[in-house]
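Peer 1: Here it is: the structure, laid out below.
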Amino acid sequence: MTAHLPQEISSRCSTTNIMEPHSRRQQDGEEKMPLQAEDIRPEIKDDLYDPSYQDEEGPPPKLEYVWRNIIFMALLHVGALYGITLVPSCKVYTWLLGVFYNVVAGLGITAGAHRLWSHRTYKARLPLRIFLIMANTMAFQNDVYEWARDHRAHHKFSETHADPHNSRRGFFFSHVGWLLVRKHPAVKEKGKNLDMSDLKAEKLVMFQRRYYKLAVTLMFIILPTLVPWYLWGETFQHSLCVSNFLRYAVLLNFTWLVNSAAHLYGYRPYDRGIGARENPFVSMASLGEGFHNYHHTFPYDYSVSEYRWHINFTTFFIDCMAALGLAYDRKKVSKAVVLARIKRTGDGSHKSS
């Protein structure tokens with residue numbers, strides 16, 4: 001059953017307030033609730049949860065290991081561990097570069113691939129889109145198109161075999177294991193049927209996809225390795241192991257915590273029937289992505305949180321871009337909707353309960 005929501009548009013702050021609640025199923029024996037697909041983003045619907053999909057019965061398929069990825073991740077983390085031993089002897093500019101690079105790259109994931117392109121929770125003008133596509137390339141976590149396709153599948157088929165990093169398969173699988181094995185057949189089957197027409201029509205996203213390997217070589221490998229070496233005389237060993245291996249391993253693991261820890265540990269104040277949790281530690285590590293129970297309850301909210309800037313650097317960044325006129329039409333769930341949802345499906349942990 002669908003419902004068209006009245007929208008309250010504020011031209012002053014360029015924010016769309018969602019005025020009616022959104023319902024979804026309850027799990028673990030609780031009553032299932034009808035889904036209402038709000039017509040607030042006409043260009044995208046395939047990130048809304050589909051309660052009709054259920055896993056097929058029977059034994060899971062045999063795991064097929066991707067040894068290339070296993071070897072790469074093993075070598076990366078060995079290099080990162082060695083990089084930790086080099087941190088005390090590296091120049092201060094080197095680790096400052098690593099922090100700066102990861103914040104920018106992180107925004108390419110959180111403000112770019114996630115909130116802009118996966119969920120269309122706000123709109124960005126060309127200069128901001130160019131910045132975010134470059135920042136996303138710096139992160140080296142798949143191109144925007146592939147990242148968004150996997151993420152939409154994660155929301156639509158959450159915690160089923162069609163979810164690429166299904167948390168029901170355990171912490172390790174949802175953290176990194178899903179990258180070390182072939183995708184479950186259900187992920188492939190459902191993923192190819194997702195509507196990705198909005199991204200296929202965006203020239204910048206498809207340009208990145210076409211030249212992704214070349215761009216990653218330049219922006220992810222060459223720049224962070226050679227800049228410390230050439231500009232302030234860092235040793236090549238320190239540049240490679242600290243500014244590249246260690247930096248990248250930290251960025252990856254902080255991102256992966258959203259898939260693992262934020263689906264297994266924390267409170268569920270907005271929807272007790274789903275696995276996604278509120279995890280402040282994950283929010284600190286991931287620039288604000290740890291308010292996961294809220295995000296899976298209201299995936300169309302640009303802040304992915306009820307509290308906007310609280311432990312949420314990405315929302316602060318988007319709001320700054322809006323103040324500069326580079327971001328607009330930010331979707332925000334109204335307080336009345338949030339409180340109604342807390343009362344109806346929350347676990348009682350919210351301060352208003």
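Each residue, glycine too, has its Cβ placed from N, Cα and C.
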Peer 1: Sharing a topological domain in Swiss-Prot means sharing a membrane side, so do H154 and R268 qualify?
Peer 2: yes
Peer 1: Do you know which of H263, H295, H310 Swiss-Prot groups with H114, H119, H151, H155 in the Fe cation 1 site?
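Peer 2: Candidate in the recorded Fe cation 1 site: H295.
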Peer 1: Per Swiss-Prot, which one of H154, H161 shares the Fe cation 2 site with H263, H292, H296?
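Peer 2: Same Fe cation 2 site in Swiss-Prot: H154.
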Peer 1: Check each of the ranges 126-147, 236-257 against Swiss-Prot and return the one annotated as transmembrane segment.
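Peer 2: It is 236-257 that Swiss-Prot annotates as transmembrane segment.
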Peer 1: In the same chain, who gets a Cβ under 8 Å from the topological domain 'Lumenal' (88-91) while lying at least 6 residues past its ends?
Peer 2: 228, 232-234, 238, 242
Peer 1: Find the shortest Cα-Cα separation between K183 (substrate binding site) and the binding-site residues H154, H263, H292, H296, and name the residue that gives it.
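Peer 2: The answer is H154.
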Peer 1: Round to the nearest Å and give the CA-to-CA distance linking N69 (substrate binding site) with H154 (Fe cation 2 binding site).
Peer 2: 21
Peer 1: Neighbourhood of the Fe cation 2 site (H154, H263, H292, H296): other residues with Cβ within 8 Å of the Cβ centroid, in order?
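Peer 2: Sorted by sequence, the hits are H155, S158, S167, V258, N259, A262, I274, G275, A276, H295.
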Peer 1: Give the nonlocal contacts of the topological domain 'Lumenal' (232-235) in its own chain as ranges (CB under 8 Å, at least six residues past its ends).
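Peer 2: Distant Cβ neighbours of the topological domain 'Lumenal' (232-235) are 90-91, 93-94, 243.
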Peer 1: Tell me, what is the mean pLDDT of the topological domain 'Lumenal' (232-235)?
Peer 2: 96
Peer 1: For H296 (Fe cation 2 binding site), what residues in its own chain, 6 or more apart in sequence, show a Cβ-Cβ distance under 8 Å?
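Peer 2: Once residues fewer than 6 apart are set aside, H296 (Fe cation 2 binding site) is near Y49, H155, S158, D271, I274, A276.
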